[in-house]
Amino acid sequence: MAGYSFMNDLSNVVRMDEPIRGPMPRWQKKNVDASNSSINMSFNASRSKMNTSLNCSTNQSKTPNKGGSSRSKTPSKTPSKTPTKSPRSNPPSKSPTPGKSGGDRFIPNRSATDFDLGYLKLKQVPPEEVGSPTQTEKERAMSETLHGRDISSQRILSYQNKAPLPPEGYQNHLKVVYTQTKTPASVKATNRYIPSAPDRILDAPDICDDYYLNLIDWGSNNILAVALGTSVYLWNAATGSIEQLLDLESNDYVSSLSWIQSGEGEHLAVGTSLGPIQLWDTVAMKRERVMAGHGGRVGSLAWNSYILSSGSRTGQIMHSDVRMRDHKVLIVSGHTQEVCGLKWSPDGRYMASGGNDNLVNIWPAEYNTMRTQAQPLYSLSAHQAAVKAVAWCPWQPHILATGGGTADRCIRFWNANSGVLLNTIDTKSQVVSILWSAHYKELISGHGYANNQLIIWKYPSMAKVSELTGHSSRVLHMSMSPDGTTVISAGADETLRLWKCFDVDPSKKKSTKEVKPVPSLLKTRIR
């Protein structure tokens with residue numbers, strides 16, 4: 001019997017007409033397990049509900065009634081305590097709130113976003129022409145009334161969370177490394193030594209305390225010319241010797257001085273209070289000629305090769321060719337009051353003039369000549385006081401720096417090619433003179449009321465590098481040495497102070513080749 005059953009089982013296994021029975025596939029097993037778990041969960045839930053209802057009814061029925069009357073507080077307390085003490089009750093799990101779960105702060109919040117306003121701002125076309133301030137304010141008020149708020153400050157997208165704040169004291173050093181590869185020259189701190197005290201002090205008795213005059217000039221021959229009342233003295237900076245060049249009559253005094261440009265000779269132009277201009281040969285110590293033409297004192301002088309430009313109290317500027325007998329080449333009128341500042345640009349393309357009428361005129365040079373045209377190219381009226389300080393940038397010949405008097409106290413920078421005001425700095429003091437440095441991207445300004453100091457500025461940031469104090473009265477004028485290292489200031493305290501503020505480091509100083517002087521044509525042509 002056992003052998004029969006064995007053979008029967010073997011034949012059933014070997015039969016091919018029925019499906020092969022094997023282990024259940026994995027996907028079918030997952031479906032079966034999921035269905036069983038759902039059935040079990042529903043069964044357990046229904047069972048817990050039944051138990052809860054049975055317990056409640058049982059507890060209510062077991063509560064004794066005293067005196068046949070039921071108390072109102074007993075049934076209300078019993079149902080609330082029973083489910084919490086039952087071990088079979090499963091408290092619902094707390095799911096995290098979607099709004100407090102965090103999320104990406106860069107995803108806009110749709111509930112806080114005004115889509116109509118966003119569509120309006122995206123489709124809004126800015127006006128081609130900007131109206132007057134009154135019209136603009138009226139349009140803003142109408143828009144605020146129509147929309148209920150100022151839509152110009154509203155954003156198109158709204159975000160739920162703001163960027164987290166960094167910890168206190170945190171500094172991102174990588175930002176500096178990757179956003180700024182090279183420190184600009186205007187930001188670099190100066191590491192050179194600038195003496196705060198003058199290198200030398202000279203006496204200047206009887207110097208005229210007048211803001212509008214230019215009484216000192218340092219020539220390319222390293223000789224300083226100083227006007228003291230009616231006399232002119234020459235101080236040799238190399239040897240320290242002093243010589244008297246001239247002495248005017250008692251009813252006249254010296255109002256301006258100017259050395260001829262380098263390579264043109266050893267001549268000094270002297271402007272007087274009565275109007276004539278004297279030209280002196282400082283080597284032979286003799287007067288070459290006297291040039292008349294002004295009706296008032298000559299307060300400013302400027303050379304452009306063999307052309308001498310002079311400004312007078314009448315407001316006129318005269319160009320004189322010192323090689324010719326008839327020296328008067330051109331007279332221009334661009335100021336209504338005294339011309340106290342006059343300077344030619346290094347390339348000879350422009351001449352700048354400043355006057356007591358608060359104007360700065362930029363005159364273009366006439367083609368193929370050394371004089372200006374009859375009309376100024378630009379007439380600048382931004383200053384609120386007399387303009388005596390005018391200076392051209394040596395490495396950017398079209399940049400002009402001007403300084404105003406007591407009522408203005410500002411240094412302004414102009415582009416002579418376009419007449420545009422580039423920058424304005426309030427110095428808090430009367431600006432008397434401005435000089436650009438030839439070795440550094442800096443400039444120095446001399447000031448009168450009320451601080452009486454010299455200030456070195458970093459250009460173009462106009463950060464203060466140093467302040468040089470020492471004058472007890474206002475600074476009247478400044479001049480620079482031929483090598484560009486020393487600045488001399490003349491003060492109303494009758495002193496001349498030499499400041500070695502632009503000294504060059506010998507290790508960084510470039511080797512300069514010896515340049516042979518070019519013979520001047522003035523020695524043979526001045527009459």
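For all residues, glycine too, the Cβ spot is worked out from N, Cα and C.
Annotated compositional bias 'Polar residues' per TrEMBL: 33-68, in sequence order. The feature compositional bias 'Low complexity' is assigned by TrEMBL to 69-88. Residues or ranges marked as compositional bias 'Basic and acidic residues' by TrEMBL: 136-148. What TrEMBL lists as domain 'CDC20/Fizzy WD40' is 202-499. If you look up TrEMBL, you'll see 17-148 marked as region 'Disordered'. Taken from TrEMBL, the feature repeat 'WD' covers 332-363, 468-500.
Model confidence over the domain 'CDC20/Fizzy WD40' (202-499) stands at 94, taken as the mean pLDDT rounded to a whole number. With DSSP states grouped into helix (H, G, I), strand (E, B) and coil, the compositional bias 'Basic and acidic residues' (136-148) comes out at 12 helix, 0 strand, 1 coil. Residue counts of the repeat 'WD' (468-500) by helix, strand and coil are 0 helix, 17 strand, 16 coil (DSSP-based).
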